[in-house]
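Record features, source TrEMBL:
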- 467-480: compositional bias 'Basic and acidic residues' (COMPBIAS)
- 64-125: domain 'Peroxin/Ferlin' (DOMAIN)
- 137-170: domain 'Peroxin/Ferlin' (DOMAIN)
- 647-757: domain 'PH' (DOMAIN)
- 854-915: domain 'Peroxin/Ferlin' (DOMAIN)
- 926-959: domain 'Peroxin/Ferlin' (DOMAIN)
- 410-460: region 'Disordered' (REGION)
- 465-484: region 'Disordered' (REGION)
Amino acid sequence: MPVSLLWAVDVYGRVYSLSTAGQQWEQCRDAQMEFKRVTAAQQCCWGIACDNNIYLNVHASDLPVRYQEETYENQRWNPVDGFSDRLLPSDRWQLSDVTGLQHQPLDNFRLPSSSWEWEGDWYVDENFEGEPTEKEGWSYAIDFPATYTKDKKWNSCVRRRRWLRYRRYKAMDTWAKIPSQQTTLPDPFSDISCGGWEINEEPRGRLSLWAVSLQGKVWFREGIYHHNPEGSLWEEVPLPGEVVQISCGPGDLVWAVLWEGQLIVREGIGRDCPKGTSWAMVDSPSPDVGATHVAVGVNVVWALTKDNKVWFRRGVNSHNPCGSGWISMVGEMIMINVGLNDQVLAIGSEDRAVYFRQGVTSSELSGKTWKVISVPRDGDRSHSSASAHSLQSAGCYFCGEVRAQSLVSDVESDTEKGSTDGASCIITSSSPESFVDAPTEHSDQPIETPKSRIPKVTSDSFISELVSDRGPGKTSREVRSAGPAVLEEETIPLEGEVKAPDVGVSLSPSQSVGPLDPQWSNVDLEEAQGQQAQTGAVVDTADTSSLSSVATFTLAMEDPYGVDEHPMWAWVSGGGCSVDSHTQLNWFNCSMNTSSMVQSVQSMSLSVTPAQTAAWRKQIFEQLSERTKREMDNFRHYEQAIEQSVWVKKGTMQWWRDWKPHKWIDVHFALEQFSGPEGNKDGILFIYYNFYEEKKYLHAFVNEVTILVPVLNDSKHSFAIYTPERTKQRWPIRLSAATELEMHDWLALLSVSCCDSRGIQGPPSKQAIWSITCKGDIFVSEPSLSLEAMPYPTPCDQMFWRQVGGHLRVVECNSIGIVWGIGYDHTAWVYTGGYGGGFFQGLASSTDNIYTQVDVKNVYIYENQRWNPVTGYTNRGLPTDRYMWSDASGLHECTKTNMKPPSPHWTWVSDWTIDYSVSGGTDKEGWQYAADFPASYHGHKTMKDFVRRRRWARKCKLTTTGPWQEVPPIPLSDVTILPCAAQSSVDVVPLWAISNKGDVLCRLGVTALTPAGSSWLHVGTDQPFKSISIGAASQVWAIARDGSAFYRGSVSSQSPAGDCWYHIPSPSKQKLKQVSVGRTSVYTVDENGNLWYRQGVTPSYPQGSSWEHISNNVRKVSAGPLDQVWIIADKVQGSHSLSCGTVCHRLGVQPLEPKGQSWDYGIGGGWDHITVRGNSMEPPRVHLPSLTERTPLPVRNTEINSSAVGC
């Protein structure tokens, strides 16, 4: 995931940013400026300074911000002068805008602010609609206005040309003042909020900026987008009352708070109307206490009331922006903000710290707990000693006399709030090595101290650490003591008064000069016998590093250079901070806090002797044994109250019915799951539908479901359910949910149920078979021992496939757990060992090793034209021709406007551009020519070419999560890993790859512990390659882009890159496109879908002798470490339908017959890639019965058209 920023303002008006990959607050460069509030987006941050002006901070990027100014020069023809500037009185201006209504002379253009600069002078645009003009950029027409052409005709009476000039935004990474309008605004702004970037993709970088003035008016900033980041002008928005605060989400949600405490919601916001049309009123969460603050995201609304209570609005979405009701949440905050992905940030009302809401997911928008962000600021220094101010704030510092203070702790847990009064006393010991002398007389004067909110150390993990064993070697940083610790129990006076014990204080030199301050506080451990508590001094610094907010003080020498170690925050904005539930943040475990905790825990271990530790251990063990006997043993004679549990989940969906005419019909869907007394789980799926007014149902057992496949498109959120019988039919159960979230919930639930019924948990095994669909979804299957058994293997239509998060185009693996993948954008990814991700949550996904994955791919459409003798090539075709804008087949109309991304998960990230990298070549304008549609296209025009086409491409991006980490920096097109044996002892695994430019690469340092390797080694070639594969004996085969085959000689562990390439002749009149090498077998696929086997391959002659044709209609092939052969086949006929992209298994492969005998058909269609190079499990040997035995063995029917008997 790219690094993004969290913005915040402290109480002194200083602006800081915190990176998602960083561990400290960075102060903005304009440190002299003071701000009241900020609001952030990913590309910029807006703020209201203390001078009441609006400022903008645009983040620097590789893409400059340039704005194109244009004006049109118009001329009319007359018989005397020809074309001249003499226009008719009714004509447009000589220099005007494109409509001719605005007068725009060149010297009237001014820079909008000092943040811009001109890149050059005015120049004439000599292109017209992408084509160069012949005469100084002029385009001609009959009259104003009309259709202009670049060619002058006999009736062209007017002409015009466009003048261009670019200005560049130069105020990057600095605060630039937004100029005020000519008309004086009624009053200064008091609040500001930006958002709306998800409403419309065009223009790029479009933002909605809302502001509130001191008089309660609301203003909207027009014209903000990438090329004009400052916007154009402010427009006032009518209101039903006076507004005090406003919040705008990334989408179409805008809420505001009125002075009276009610809330208003903006309605009618859309792509064509970003300002909305009207306001709707929403009551305050509490009828007696008005609202003071509101924050909105994509589908959430959070609010604060005057008593600092936090409220969550349920039922909020684009169709119902007002929501349905309020839910009271834990915590007291003075400010709240919703960032990207509906993540929530807030500022505490007592400690003024920034809090992050953990556990916010798409399925649980309210989150689980508040977590304080505890990181230092870049101005804070690591001190070896504390300042005098810090000492005084933590205790008293008078002439070498140190006294403890008592602080009242107001504790608030993560999940529920409560308060506990506590006090602390300092446990000290006398030592001749003390740096701070103890007072000779016991002081009875109480110390007055203010109350402070502190965390109380009560966690079980902390208590267990106290009573754990500590060897002598673990206390190197402990306080040195001349004798046993002196423990006294003091009577705690009221109002925070405490008396210091009459003992000395000791501090080791290693502590006094260390980089971090040892902080002390008390934790009371009360023994069961009622003995007096004996405890060491420790403090929990996991949540804050402030000396003034914990019941501690520092024993150190005076430091005159003190800093405010506890920042007080006034405002926070997460609109530019991209965080999701899987993002690994370093905001909560600061190294400073960790070190302080270690020092504190180590220093207190002096107070706990080994004898005390042993006694505590024995006592705790006895109490646990007694509890076990009391709660379990005394009830063993009772029977179980429930031997099995049954639960049912129901819902309404649509089903693609089995009978003709096929269409979507409304059905009721139910999953009934039950568990037996032994813990085994199973279930049944029911689909209730009406058949000619008769109620019927369809059912499928969960343990028979072989795969769940999401089928996303623009119109339906659907998924397919396969069983072995449905796989034979090539006709799955296809269901459609009302929303994408509902579909993901059902998929996750069904996936968990299927895995439970088969006893599958955790990540895929090292022997797993990986496959990828044509949409980039990743599936794995755990092979059985009998999958490759002879002569009766496990039918591959009974294999169970489960989905893994992520999005890839190619995946390769081997049997020691190394898995690599390549995305559609040629980015290389390595498997991290996790499972789940994507839409899987909870038990269906691991909590670690899940990372954000981004993939980008191109969507193509074709522009087709036909030649005619009058006008040449035009978009007017014959009635029998294909669409003039179509897909590659020409059967479907695809225009620039109606073409959408592959699914709702994808978003456009570029405009349509001409694609010149088309097979067959293009001319300089991207056209390919042919005699007719369809035919063989070439990149140059001949006399026989009557049609032409060119391909347009547009990039779209997908952001998801999965157990994958990127391997930078070289983009790849193919990868292969050595297929090791099951008990392989290979330390460094050979891994070969091909870059997207065709270079052959060898990855060094790939091991089971470091699957990503260390570096690339370039292997020289005389032409670009496109496919590569390495066999179990380190034999490397590759396919060049021209379709020829090559073998790499002398590849070994000593020479991982080999020495030279040997050319292997291709099959007659065929161009190869893919190769896969097993233990001894070599298989290739050509561009016509033929599968070839290389004969005569021996250790002495590894190049082989000839090619033998095996099958046709093959898309991909994978040869495994046992020479097993699996393919992706096209045009597999089932009993109900024909499928393209089907997983097939070659039967009968054995050493004496390596080519096999027949195909067994598995899951499909829609599959694009498979790899079995990790399955090295030797199949069991089956004893064949003699002919005299009467018991017949079952015979596997491998025919395609098998009869269907049910679901």
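Quick reminder: no glycine exception, Cβ is built from N, Cα and C everywhere.
Taking DSSP states H, G and I as helix and E and B as strand, the domain 'Peroxin/Ferlin' (64-125) has 3 helix, 24 strand, 35 coil. Same-chain neighbours of the domain 'Peroxin/Ferlin' (926-959): 776, 807, 852-867, 873, 881-882, 890, 896, 899, 901-902, 905-916, 918, 920, counting only residues six or more beyond its ends whose CB sits under 8 Å from a CB of the stretch. DSSP places the residues of the domain 'Peroxin/Ferlin' (854-915) in helix, strand and coil in these numbers: 0 helix, 27 strand, 35 coil. Counted with DSSP, the domain 'PH' (647-757) comes out as 27 helix, 58 strand, 26 coil.
The average pLDDT computed for the domain 'Peroxin/Ferlin' (137-170) is 87.
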